[in-house]
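Copied over from Swiss-Prot, here are the features:
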- K29, E91, R131, K455: (6S)-5-formyl-5,6,7,8-tetrahydrofolate binding site (BINDING)
- 236-241, 255-261, 280-283, 341-344: GTP binding site (BINDING)
- N236, T255, L257, T260: K(+) binding site (BINDING)
- S240, T261: Mg(2+) binding site (BINDING)
- 226-378: domain 'TrmE-type G' (DOMAIN)
Amino acid sequence: MDLAFSTEENIAAIASAVAPGQGAIAIVKVSGASAKEVVKNVVRTPSNKIWSSHKILYGHVIDKSTKKNIDEVLILIMDGPRSFTGEDVVEIHCHGGLIVVQQVLDAILKQPKTRRAFPGEFSQRAVLNGRLDITQAEAINDLIHARSQKAAQLAIAGIDGDITNKINYLREKLLDQLSEIEARIDFEEDLPKLNSKKLLTDLMLIRAELKQLINDAKQGSLIRNGLKVALVGLPNVGKSSILNLLSKHERAIVTDLPGTTRDLLESEIILEGVPITLIDTAGIRETNNEIEKIGVSLSQKTLFTADIVVLIFDLSKGWNKNDQNLLEKIPKGTPTLIIGNKADLKSQSTNIQPHATMTAITGEGEKELIQELLKLAGANELEGIEVALNQRQLDLVKVAVNALDQIEKVAAESLAWDFWTIDLREAIYKLGELTGEEVTEALLDRIFSRFCIGK
């Protein structure tokens, strides 16, 4: 899909979440050079008030073919450039529910030079018209999809321009260093010699700040994307009870019968600002039951996709060879917690030291389990993070750091200044691409195609 720079037509979309038959208010948004004329053609207002910017009008959306009212609406007008997109924008606030909202949108789309917006096209136009930079637009998308308060706070920081300001600050420093080097290349005899050691030290300080952004991005990803945590163990060790305990509601059926859970059950929780998807797996064992076999197979596959595995065993039976076999099936390198459950029934000695013990049916040990889980996830390092790069931004910063690494090698080999400028330009270009200083059509396509329609 090639949507970059396609701004000649008006675009329209439903700009609010709509569920069938639900919702008090919905919004249909129109943006473009003739957005006001488009909306005027489909509404009727009781007065002849001028359609002036940042005013709200009352009226009805009309079905032109029947002359009947489609809905009673409020109309919000925002003239460009004082609008989200920088173009004329009109919002029609109508009643919620799927049918009436779609009728309003259909009436708009029947107008000349008006089409349905592509995903992210409103935000794209805001960037093209200088209302936002790319990092701010991406932060808006992050805010819409935020799964915790911490994720929302990081997104707001991005919208406020914190990422752009930080990157621009470092990029300007690199530009200053590049200008010093190029001045010496062009006017070597007229300017004092550069101190290569001091210059390299300054560049390495910039590299250190970029590396800190990389480290913060890893933690930011934890806040933004969360973790997938698999609860695994032999049948009837209490996996479902632990899922219900952490979820604070009955998500899974709990019985004394082994093999009750035969499918993967998921529940999302927020712990210390980290979104965690808990996956209750079927007890892994040899079985002749075909349905249970499918559940066991799914459980084994989950071991390879989970960010963290919580291996639960029954303290009343102790750690046995089947528990050990299951532990050995967990892929090497996957962070794993070993939790002993049914501490109230403990009667067997165990030759393994669990990270925590608990009694899921009473809630005893829940706090310790959560602490161990957060420690393993690295959540204790989340405090103090002010900005967090997304994957696109992170990849570009990594390239910039690699370019500065090359400069360090160039300096060690005492190569000419021209060699310094090659990698310095690369770092500057990549940081410019991050903020949109260096923008391409393909870049815009890639970024905004991930947005929701109507934003």
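Any Cβ shown, glycine's included, is placed from N, Cα and C.
A map of Swiss-Prot features onto the structure.
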| residue | record | DSSP class |
| --- | --- | --- |
| K29 | (6S)-5-formyl-5,6,7,8-tetrahydrofolate binding site | strand |
| E91 | (6S)-5-formyl-5,6,7,8-tetrahydrofolate binding site | strand |
| R131 | (6S)-5-formyl-5,6,7,8-tetrahydrofolate binding site | coil |
| N236 | GTP binding site | coil |
| K342 | GTP binding site | coil |
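Comparing Cβ neighbour counts within 10 Å across the binding-site residues K29, R131, K239, K342, the minimum falls on R131.
Residue density at E91 ((6S)-5-formyl-5,6,7,8-tetrahydrofolate binding site): 23 other Cβ atoms are found within 10 A of its Cβ, drawing on all protein chains shown. Ranked by CA distance from N236 (GTP binding site), the binding-site residues K29, E91, R131 have K29 at the top as the closest.
Within 10 Å of the C-beta atom of N236 (GTP binding site) sit 21 other C-beta atoms, taking all shown protein chains into account. Comparing CA positions across the binding-site residues K239, S240, K342, the one lying closest to E91 ((6S)-5-formyl-5,6,7,8-tetrahydrofolate binding site) turns out to be S240. Straight-line distance linking the Cα atoms of K239 (GTP binding site) and K29 ((6S)-5-formyl-5,6,7,8-tetrahydrofolate binding site), rounded to a whole number, equals 47 Å. When the Cα atoms are compared, R131 ((6S)-5-formyl-5,6,7,8-tetrahydrofolate binding site) and K342 (GTP binding site) turn out to be 58 Å apart. Distance noted between the C-alpha atoms of K342 (GTP binding site) and S240 (Mg(2+) binding site) is 13 Å. For K29 ((6S)-5-formyl-5,6,7,8-tetrahydrofolate binding site) paired with S240 (Mg(2+) binding site), the C-alpha to C-alpha distance reads 45 Å.
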